[in-house]
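Listed in Swiss-Prot for this protein:
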- GLN106, ASN129, ALA130, HIS151: S-adenosyl-L-methionine binding site (BINDING)
Amino acid sequence: MTVLSTDIPAPNSPSISDVEAYYDAMGPFYKLIWGDSVHGGYWPAGLEDMSLPEAQEHLTNLMIEKTPIKPGQHMLDLGCGTGLPAIRMASAKQCHVHGLTVAHGQVAEAQATIQAMQMQELVHINWGNAMELPFEADFFNAAWAFESIFHMPSRLTVLQEANRVLQAGSYFVLTDIVEVKSLSPEQQQIFFPAFQINTLTTKQGYLDLFAQTGFEQLELIDLTAGIEKTLAHTKLGIEQKRAELAAIYPPEMLGMIEQTWPMVEKIYAEFVRYVLIVARKRG
């Protein structure tokens, strides 16, 4: 099997412990600026006046809409964060959702939210590595990777593991950031740490990955135009809540966040796209 060059981590790519450290450090930032959901918002045409929390829920609802699953069946959420999308999925479809994250702090927060919302019968969040899934083959009826797969050292391994635990014909729905123009090493040094990105691939790269891992791509939706306002909302939040951020972060780190974010916006606008991909396990 040929491994795609875009799936080979760079020598200094983040490890699992680095991803956990990132969320330990940035968790308070996202909580303050983004709220309870650790993912972007989606403002489709005609709904540009939504608040950030409303846009985040709209994106989650789109993921739910694109994921066929029946009541009582089992879904896997790879990189589930603090668990709110998993809870919303379980509530909407009355299915069991099993979420994994490499951040112990997110596990604790997710489990507390599950208890508070009385969803413990349907939603189960634990620590786990998406490249070494602790589940039997052919167990799940659907899977997600919602703004998480770019953290992982190998998309190929993640897709191989997802294919192993999914039943034939089951859907795998993911969101990812893909390159449309190659980032320079200097741009990577700015953009990758901002989101703890391990590697980026391309739209064609996904077709190649699916061909190698037993999936067929059914749909690729470019959501970039509706996602970009997340960056503007984040920049505004940093400005409006600077005092609260200054109480959390030392001056050096806060200064780095303020300096980096405008550069991240420029790179995002020209070099990458945000996509939602619907794939299905062959067979």
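Glycine residues also receive a Cβ, built from the backbone N, Cα and C atoms like all the rest.
Feature annotations (Swiss-Prot) mapped to structure.
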| residue | record | Cβ within 10 Å |
| --- | --- | --- |
| GLN106 | S-adenosyl-L-methionine binding site | 23 |
| ASN129 | S-adenosyl-L-methionine binding site | 17 |
| ALA130 | S-adenosyl-L-methionine binding site | 27 |
| HIS151 | S-adenosyl-L-methionine binding site | 23 |
Check: same-chain CB within 8 A of S-adenosyl-L-methionine site center, minus GLN106, ASN129, ALA130, HIS151: ILE16, VAL19, LEU78, GLY79, LEU100, THR101, VAL102, ALA103, GLY128, SER148, MET152
Farthest-apart CA atoms of GLN106, ASN129, ALA130, HIS151, residues recorded for S-adenosyl-L-methionine, distance in Å: 15
Three-state secondary structure, GLN106 (S-adenosyl-L-methionine binding site) (per DSSP): helix
Local backbone state of HIS151 (S-adenosyl-L-methionine binding site), from DSSP in three classes: helix
